[in-house]
Every structure is written in structure tokens, then in C-alpha cells.
Amino acid sequence: MTQIMTPKTIVHELERHIIGQNDAKKAVAIALRNRWRRMQLDNEMRQEVTPKNILMIGPTGVGKTEIARRLAKLADAPFIKVEATKFTEVGYVGKDVESIIRDLVETAVKMKREEAKEKVTEKAARLAEDRILDVLIPPARTSESKVGFANEPAEDAASKKEKENKTREIFRKKIQKGELDDKEIEIEVAVAPKTIGVMGPPGMEDMTSQLQDLFSSLSTDKKKNKKMRIKDAIKLAQDEEAAKLVNEEDIKARALEAVEQNGIVFLDEIDKVCRKSSNSGADVSREGVQRDLLPLVEGSTVSTKYGMIKTDHILFIASGAFHVAKPSDLIPELQGRLPIRVELKSLEIEDFVRILREPDCSILKQYIALMKTEGVDLSFEEDAIRKIAEIAYKVNEEVENIGARRLHTVMERLLEEISFDAPELVEKNINITTDYVNEKLGNLVKNKDLSQYIL
């Protein structure tokens, strides 16, 4: 992350996609900026400064997950979102919490590999074109030229070579312009190693994955001739050439460093592994998961197939609705590891109006763009937008509060007929008015039983 990404810049970027929730945006912006600040310190102090993990508290659909997702994109950091309910205490059937870090490393390796391939794109593209040109214009064989043209002057051989090079360049330009995209050729490609299914005991996913890698590596690099269009052949050849040009060991080393220094783990549904205040006694599946999370959040060393990972400087963002349980129902040790608490507010009508209109790729803009592909110009009156927001808010209040996700349900119902008939519509300019919204959604909202199942 560069120095340019100040907390204000980060918040401004988040506001392009997320409406409201300024406290949460500020908290994550400061946490991200502290990453950069830490990297400016001397080595001794840097090791002592650990990230201040965040606990987001708020109902579903108010932006908790979206904030974390956008933050990871801004930071260009390895990011993984997991649900706390998917894990069980070590020794019980199910995934153990250390698999979070292993999955995070896999994400980082994939990310760094893509970055490395991007750097060699130009060279890989050139090599891929050469492979295609070798098929289209096979180079003259050396042995043939020695036998067949023993008395041929050196000048003639040179001019033939020059002519061949000119022809190749003409065809190279045709390939680059896409003029030969649909022409079929036969090209030699690497055969993907067969994946061997390994059945392992529950919770031993890492071991089974390593065994699969071992069996795959035992299979020799086989090649086979495959018939395909030049367009597809270029893409395949470019991927193969890029894979040869990148240094896998360097990728792994950089991925491990990225995880240790900049990794972000988003723990969703943390409230679902809380012990309810009213319950007495320990709950193995719930409290055990929290106790297993403690070493990860506090800082420990996890073994992965790429190497050892220290979790001391990984940022953990936990979130939960806390409808039934309270944050104080988390075990005290875990509460202490989540020092920054941010409460996200429920969405009001005004928030729904802004969500429909303001984000860069708002719901309305998405539907307008989708209909545009059918030649339909869709527009919404201001009063109609407010009416949609009011309906979404009302259904949330009366049925179940699912936050901004309710807007998707309402919009799908509202535009169902238009979406279905779009290809055959004669009138291509459609303006959504308040009357249209009332006609399509009015009865459903009034009838609570219907809205419960349809909206």
C-alpha cells in the first residue's frame, strides 16, 4: 500500500460502493493505514506493533461483509472471508480453524502468481505467437537445406530466411488483429495431470491436499496434439509460456510474506459460536471454536504446504448480528483480542434511497445496463425510487430485517414482466413511475401473508 492511501482516501473509496456506516469505515481505514505506518518503523519496533483487530456488530445486510471485501481490494492484500459456524473444535468432525490460514495462503499464492504472469505477459504473448506461426509456417529444416541445397549460394539461403521472416511478421500482424481467430490448427499442448481423489479423515484436509499434489507431480509432463481455433490456441499457449517464465519459488516466498505482513481474515457469524447467557455449562462445538481461534488471533505459527506462517500481524475482522447473543457472551480472552468495536446502524428509508441511486454500480444502474443489452431504455422517476425504498423498509420491518438485500428482492419482483418481455417489446423507452410501483407491489405489501413468501 502506498503512502497516498490516507484514512480519508480509504473512506472516500469505500463511499463509492457503501452507503452510511461511517464509524465502521473509519475503523477499517485506520487499521489499513496502520499497516503502512508499521512498515515505516525500524525492525525491532515493527515486530512489537500488532494489528488492532475489529469486531463489527450490526444486523444482516447493512454492509459488514461489503466493507471488508472492498477493503481487501483497496489494500491489494490476501483476503479470505469465512463463516465461524463452519469450524469445529480440534478432535471433532469438521474443519479446524487452522485451515483458515491455509486457505489464506492459497489465495495469496494465486494472487502473486497472477501478478508474476502479468509482468511477463508481453514476452509470453510473443512466444505464444511464435508457436502458432511455427504451425502455420513451419521453418525450413536444417538437414533438408544441407542435403537439398548443397550447391546453393549463402546469399540465396539468407534471402530465403529473410523472406520467411517477412511472411511470419505478416501473419503475426494478422494474428494480433484477430483476422485468423476462427482458423483451426493443430497445436501441441501439455496434458493436465490427472487429479487423484484421496479420502482422508475429517479435519485432515491439508494432508490429503499434499498427497494429491505428490501424486500429481509423479505424472510426467505429457504432451498431445489438439485441434482448436487460433483464438483459443493463442490463449492456451500464452498461459503455458507465462507459467514457464515465472519463478514458482519466488511466488511462494512472496505469498508467504504477503500473508504474514498484510493478510486480512474476515470472520463472519462470530455471534453464532457464542455461548448463550442463559445456558449453563460449556458448549463444546461453540466455545471450543472460540478457544481454537484464540492462538490464531493472538499470534501463532501454522504449518502450510508452502511453509510456516506466523499469524502475529494478520488483521482479523470479526462480525455478527448479535440478535440473540451479546458481544459479552464471547469468551473473555477472545473479547480482549478484538479491541476495536464498531456498531453498524440499521438502514432507514433515506439509506435505501441512497443505496438505489448513489453507488458507482448501484442496483438501479445495474438494471438499466442489463435492459440496455436488449435495446430497452429504462428510467426511474424520483418518486418511484422513494416508493421502492419505502416498500423495502416496510417489508423489512414487518417480515424479517435482511437489510439492503431486500432491495434485490423488491426490484426483481418489480421488473419481472419487463425482464421477461424485453426482447419482444415494441416500446423500447420505459419509465418507472410511482403508479407502476404501486400496481406491481402495492397488494403484496398490504397482504402480510403474501409479502412473507414473495418479498
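From the backbone N, Cα and C atoms, a Cβ is placed for every residue, glycine too.
Now, the feature entries from Swiss-Prot:
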type	residues	note
BINDING	Ile19, Gly61, Val62, Gly63, Lys64, Thr65, Glu66, Asp268, Glu333, Arg405	ATP binding site
REGION	144-163	region 'Disordered'
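Here the features listed in Swiss-Prot are painted onto the structure.
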residue : record           : DSSP (3 states)
Ile19   : ATP binding site : coil
Val62   : ATP binding site : coil
Glu333  : ATP binding site : helix
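For the binding-site residues Glu66, Glu333, the greatest number of Cβ atoms within 10 Å around a candidate Cβ is found at Glu66. Just so you know, the Cβ of Lys64 (ATP binding site) picks up 26 other Cβ atoms within 10 Å once every protein chain is counted. Among the record's ATP binders, Ile19, Gly61, Val62, Gly63, Lys64, Thr65, Glu66, Asp268, Glu333, Arg405, no two C-alpha atoms are more than 34 Å apart, and one pair sits at exactly that spread. Around Val62 (ATP binding site), the C-beta neighbours below 8 angstroms that are at least 6 residues distant in the chain are Gln21, Leu344, Lys345, Ser346, Leu347, Gly403, Ala404. In the structure as shown, the Cβ atom of Ile19 (ATP binding site) sits within 10 Å of 21 other Cβ atoms.
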